[in-house]
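Let me begin by presenting the structure, written as structure tokens, before commenting on it.
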Amino acid sequence: MIIDMPNTRTRDISHKIDELHEERGEAAIGRVLTLLIETDAEELEDALEVANAASREHPCRVIAVVPDHNPDLKACEDDSNLNAQVRFGADAGAGEIIILYPRNGLIEHPDTLVMPLLVADTPIVAWWPTNPPANPAQDPLGAMAGSRITDAMRSNNPEATVERLRRHWSPEDVDLSWTRVTVWRAMLASLLDQPPHLPITEVKVSGPADFLPSELLLAWLRLKLGVPVKYEVVEDAEAVTGVYFTREDGVVSLERPHEDHAVISFPGQTPQPISVPIRTLEDCLSEELRRIDLDQVYADVINTGWDLTHA
Amino acid sequence: MNDSITWTNPLRDPQDLRLPRIAGPCSLVIFGVTGDLAQKKLLPAVYDLANRGLLPPSFGLTGFARRDWSNEQFIEFVKKAVQEHCRTPFRESTWRNLAEGIRFVQGTFDDPAAFERLSETVQELDRDRGTRGNHAFYMSVPPRAFPTVSKQLSASGLSRSSEGAWRRVIIEKPFGHDLESAKELDRVVSEVFDPSSVFRIDHYIGKETVQNLLALRFANSMYEPIWNANYVDHVQITMAEDIGIGGRAGYYDGIGAARDVIQNHLLQLMALTAMEEPVSFSAADLTAEKTKVLSAVRLPKDLSAHTARGQYAAGWQGSHEVAGYLDEKGIDPSSTTETYAAIRLDVDTRRWAGVPFYLRTGKRLGKRVTEIAVVFKRAPHLPFESTAVRELGNNSIVIRVQPDEGVTMRFGAKVPGGSAFEVRDVSMDFSYGRSFTESSPEAYERLILDVLLGDPPLFPTTEEVNLSWKILDPIEQYWATLGQPQPYRSGTWGPAEADEMLANDGRHWRMP
């Protein structure tokens, strides 16, 4: 169910939601968090689809703020600065979606705009699907969130974005590129669990050029193993394609030349295939919503590890 | 040189909460792989684990059964079971990798040659797949087969692990049918396997349930102050099933509801509800507290007044007509096996002095439900007209174990408006499913993964099992002197005897 609410007020949106809950015999108390999404009209539908999927695991209220910089003046009433849309039921995953289109001066005050619509007494997570603010912790929406999710890889200028995010980094910030390598990290850790536990002398990672997940993976390995690391660019690759640990007995590797199919090799053993699907954005967002506490390992990687590999 | 003591994996960090734990190279051997449990739960759980990337690439799965199947036929069987019952989407690539490691061994439990073949198959997995001598044996078989299988595993050398490798055995309840048989079973199994390699599984109380209960009791400050005899009137622990014995006649007759359910599930739930705060949530510390409280359990003096048993008679289960227990296929028409059992237990500790724990379980009851209800004393003084609180019951906290795991609180609230002031019971409800996740892992996924990772499970140790039998044995002995259990109509909440049992104490059963 999609309800358009042009020229409206937050109070009316609140009423509308209560009314819909009552009609459907639901309660908002089952929502475990409020997910704030700040994005533009172009990215909105994709972001909502991802949020919908994630809400199946984490029933949440999604509030998307989409500033309307060029309002259609004919359709605007003078005393209103807000258009909105409310989605329920089949159109809203396991929760409800509120889309807010502020205009004029209201654009500058998104925090007080969403305040009356937050789920009471539950964590707030802010997510910027593409271009994050320069300083998420100081952003009006970011400041009210206990967890801030950025995705520098999908911003217009990933390199510059990463630099900005690193400069203003605060413990509640996490970038989805880090989440993208969780499966790789888990597999690599379990590779090293296998005896013989010989020291690693060198590490190589291969993947696409200027690929943030690879860089984070490399920084993590450099930080944890304390040995030289290098990166090999693979043309046309879509994600990390391989990690190679050099030891005195040979090379231990995890390779994923093509989507989904990975191969593990130990010196002197037959390589073993294993299925490692490329992570979707839904997977990543779900993982972030699962653990909204601080990630010390990411903090170390983004601060210390990054400097080691970018010296 | 033993590097496992000094070596720590540099990529593992206790602060790294994201990393899922993936099992190392290993294989799982399932005895009784053609059974219902294996088809509906175990095999799909193995696939789901593989699909979630939690199994090693070298994982091996060996089925052992009587059927005359080829490897290919068995793989087809597994595929069908997985496709019908898996929780995560069926992906051809995951399946292909898993299928590579699937083997079948045909044989019976009393055939040493079959175990020779099993031993060869497992060695072949070590060689071809690189399972490195790590093997878990899942006994999805009737308890009477445990000793035979254990001995065969021992004779064929399968139970012994080489250095640096492990062998583990998974046993499902019931663990014996009385104290003596439980000790005997333990003796047989521990002759073959080291106690730390024996995983006793009780899937009804999965790790999740135990941890939920621990979190509710010990992570919050509002329950602990009232969790004692000062405020609690009594506790009711119920596990009701709506099904009959189905195809389990051979197993069930002569065992009965108390041995099947009270001895393990209900006494475990009771121990978790009544125990003191453990010093940590490690398996050993939890066991210490559970053991303490189980050893403080006192049986009622008059067993005739404080226990009840029944047997379901024909009737209508909801909308279906069903047969009585004595008419079920494979049941002796003069069987005195109970399908309903209720007992009162007291806990001789300061915390629980004078607070009875009522445990009940049965088949063909009103609906399927497992719950722990902590029922509180009424307020010492009610400053209302007596008519105002006529409808007010006792406050209670109900911990729902299944289905729809969660917590309900019952308390009185004023009926709005009206000419007279009236207080009536209302419920406040929390549900894990609604608040957290719609797609949480099946209990068996977690169980199997814990075994493969070697995580000590939160399940009963030998000592707890023995203590539970000590509680139940006198009751069973008393019941053995009685004749036919009281019949109750299918679809009701049990025999009249059970209602009288609580009425004698001035209480009544909750309707779950």
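Including glycine, each Cβ sits where the backbone N, Cα and C put it.
Caution: TrEMBL annotation is automatic and unverified by curators.
As annotated by TrEMBL, NADP(+) binding site applies to B:Arg66, B:Lys173. Marked as substrate binding site by TrEMBL: B:His203, B:Lys207, B:Glu241, B:Asp260, B:Lys363. Marked as active site, proton acceptor by TrEMBL: B:His265.
The residue listed as 'active site, proton acceptor' falls within a helix when secondary structure is assigned with DSSP.
Each of the recorded positions B:Arg66, B:Lys173, B:Lys207, B:His265, B:Lys363 was scored by the number of other CB atoms within 10 Å of its CB, and the largest score is that of B:Lys363. Every protein chain considered, the tally of other Cβ atoms within 10 Å of the Cβ of B:Asp260 (substrate binding site) stands at 25.
DSSP assigns B:Lys207 (substrate binding site) to a helix in the three-state reduction. Non-local neighbourhood of B:Glu241 (substrate binding site): B:Thr361, B:Gly362, B:Lys363, B:Arg364, B:Leu365, B:Arg368, each in the same chain, at least six residues away, with C-beta under 8 Å from its C-beta. Note on proximity: of the recorded positions B:Lys207, B:Asp260, B:His265, the one nearest B:Arg66 (NADP(+) binding site) is B:Asp260, by Cα distance. Distance between Cα atoms for the residue listed as 'active site, proton acceptor' and B:Lys173 (NADP(+) binding site): 9 Å, as a whole number. Comparing B:Lys173 (NADP(+) binding site) with B:Asp260 (substrate binding site), their Cα atoms are 8 Å apart once rounded.
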